[in-house]
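Taken from TrEMBL, the feature [4Fe-4S] cluster binding site applies to Cys36, Cys66, Cys69, Cys75. The feature compositional bias 'Low complexity' is assigned by TrEMBL to 10-19. Residues or ranges marked as compositional bias 'Basic and acidic residues' in TrEMBL: 20-29. Positions annotated as domain '4Fe-4S Wbl-type' by TrEMBL: 35-99. If you look up TrEMBL, you'll see 1-29 marked as region 'Disordered'.
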Amino acid sequence: MLQPPHSSLQIAAVPAQRAAARDRDQDAPWHTEAVCRRDEAGLFFAPSKEPTAARLSREEAAKRVCARCPVMVECREHALLQPEPYGVWGGLTAAERRVVLARRRRREMELKKTPRPGRIAAAG
Ligand code: SF4
């Protein structure tokens with residue numbers, strides 16, 4: 001992302017290519033309004049070997065920050081389109097984003113299978 005939100009502290013925690021992608025997006029307009037750009041930097045990415053209870057608590061705290069962020073929708077779409085494999089983005093954890101992406105893929109497949117009215121008329 002821009003490096004959203006979760007700035008330099010997290011860059012070290014993600015693969016180099018992800019950090020490069022974030023750097024490329026750094027100037028995206030929505031990024032400048034990210035609430036997490038200014039504070040709460042440690043909430044968005046897991047430290048290594050984080051216990052489950054601590055992770056759940058941290059993720060909920062990050063989501064509360066996202067809930068008051070004016071660019072949550074833009075951030076979420078960015079994280080889904082990249083896709084961003086780590087951290088909380090746009091109020092969603094990595095696991096939640098995988099579910100959203102799977103639903104989108106399933107919906108797209110269903111739409112492809114559904115005959116369009118124009119095709120039916122032409123065929124008939
Ligand atoms: S939605 Fe959350 S992760 Fe995204 S920019 Fe806002 S505070 Fe940061």
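Backbone N, Cα and C define each Cβ position, glycine as well.
Automated prediction, rather than curation, is the source of TrEMBL annotations.
Cβ neighbour count for Cys66 ([4Fe-4S] cluster binding site) (all protein chains, 10 Å cutoff from its Cβ): 24. Across the domain '4Fe-4S Wbl-type' (35-99), the prediction's mean pLDDT works out to 93. Per DSSP, the domain '4Fe-4S Wbl-type' (35-99) is made up of 38 helix, 2 strand, 25 coil. In the shown protein chains, 21 other C-beta atoms lie within 10 A of the C-beta of Cys36 ([4Fe-4S] cluster binding site). The binding-site residues in question are Cys69, Cys75, and the one with the fewest Cβ neighbours inside 10 Å is Cys69.
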